[in-house]
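Engineer: Residues or ranges marked as substrate binding site by Swiss-Prot on the basis of sequence analysis: Asp13, Ser14, Tyr45, Gly46, Asn78, Thr79, Thr186, His187. The active site, proton donor/acceptor feature in Swiss-Prot is assigned to Cys77, Cys185.
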Amino acid sequence: MESSNQPNVLIFDSGVGGLSVFQEINKRLPEVNYYYLFDNQAYPYGELSQETLLARVEALVVKMTQQFAIDLVVIACNTASTIVLPALRAKLPIPVVGVVPAIKPASLLANRAVGLIATPATVTRQYTHDLIRDFAHEKEVELLGSTRLVDIAEEKLRGRQVDQQELAMILKPMKHKVDVAVLGCTHFPLLKEEIQQVLGDEIILVDSGEAIARRVQSLLHQLSPQSTKTPWRIFSTAQPWDEAALNGSLKTMGFNAIELYPL
């Protein structure tokens, strides 16, 4: 087992979208030793059965938690969070933080209508409709499910130019209909500037990143920051496409080159 004097935080996702969550946590807790694991072998998670998804996430997270003496786990994926949290919390003796679409804060900000931009799996899941019923029942809610937006975010992190015309076509059903839009997938804050440009500055964009960062900070409030900081480690379950370009972006965030971590 490897250990260090720094608190070890594992951030888990099916792709690189969870890096938007990492960035928010890192703003508050730059002294933490970060491990990022993405299960790109099974990407996208929205196409997996619940049983397969649960088995994969549980196996990977438990293994890495034990190997690297992890102190806290963040499941930085909306799809996985709706399925795996109870099982992981029962198995692990450490805090496990999940993400949910920020429908409640969006509803409080909205005057007339809330938009939820998410993956098709999140848009159709009962859990999401329960959130809408509980926290946004007095508002009109527009739902937009897009897998292509996830791919665009993955491409952007590899240095590809975002096609604003394509983005405008995808987001067209949301334009002029809502005053607050929820970025309901952790990939989407990576496209926040481009989405804002398409929807217009009058639309407020809300995501879960800051709330997750506050939660992690409160759970790790007894940290003792160290003056020296080592490069953080990032793992994938299969070789990523355009790995060299992706490693370039990851280096600017403080990560070492991607290491293979098969299931």
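All positions are counted from 1 along the displayed chain.
Just so it is clear, glycine is given a Cβ too, placed from its N, Cα and C backbone atoms.
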Engineer: What three-state secondary structure does DSSP assign to Asp13 (substrate binding site)?
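Structural biologist: Assignment for Asp13 (substrate binding site) reads strand.
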Engineer: Round to a whole number and give the Cα-to-Cα distance in Å for the pair Cys77 (active site, proton donor/acceptor) and Thr186 (substrate binding site).
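Structural biologist: Given the Cα positions, Cys77 (active site, proton donor/acceptor) is 6 Å from Thr186 (substrate binding site).
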Engineer: May I have the list of same-chain residues other than Asp13, Ser14, Tyr45, Gly46, Asn78, Thr79, Thr186, His187 whose Cβ is within 8 Å of the Cβ centroid of the recorded substrate site, in sequence order?
Structural biologist: Gly15, Gly17, Gly18, Pro44, Ala76, Cys77, Ala80, Thr119, Thr122, Val150, Cys185
Engineer: How many Å separate the Cα atoms of Gly46 (substrate binding site) and Cys185 (active site, proton donor/acceptor)?
Structural biologist: 11
Engineer: Under a criterion of Cβ-Cβ distance under 8 Å and sequence separation of at least 6, what residues of the same chain contact Thr186 (substrate binding site)?
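Structural biologist: Correct list: Asp13, Gly17, Gly18, Ser20, Val21, Ala76, Cys77, Asn78, Val99, Asp207, Ser208, Gly209.
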Engineer: Hey, which of the active-site residues Cys77, Cys185 is the loneliest by Cβ count within 10 Å?
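Structural biologist: It is Cys77 that, of the active-site residues Cys77, Cys185, has the fewest other Cβ atoms within 10 Å.
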Engineer: Tell me, in order along the sequence, which binding-site residues from Ser14, Tyr45, Thr79 have their CA within 10 Å of Cys185 (active site, proton donor/acceptor).
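Structural biologist: Correct set: Thr79.
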Engineer: What are the non-local neighbours of Tyr45 (substrate binding site), defined as same-chain residues 6+ apart in sequence with CB under 8 A from its CB?
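Structural biologist: The list for Tyr45 (substrate binding site) reads Ser14, Asp39, Leu53, Cys77, Thr79, Ala80, Ala121, given in order along the sequence.
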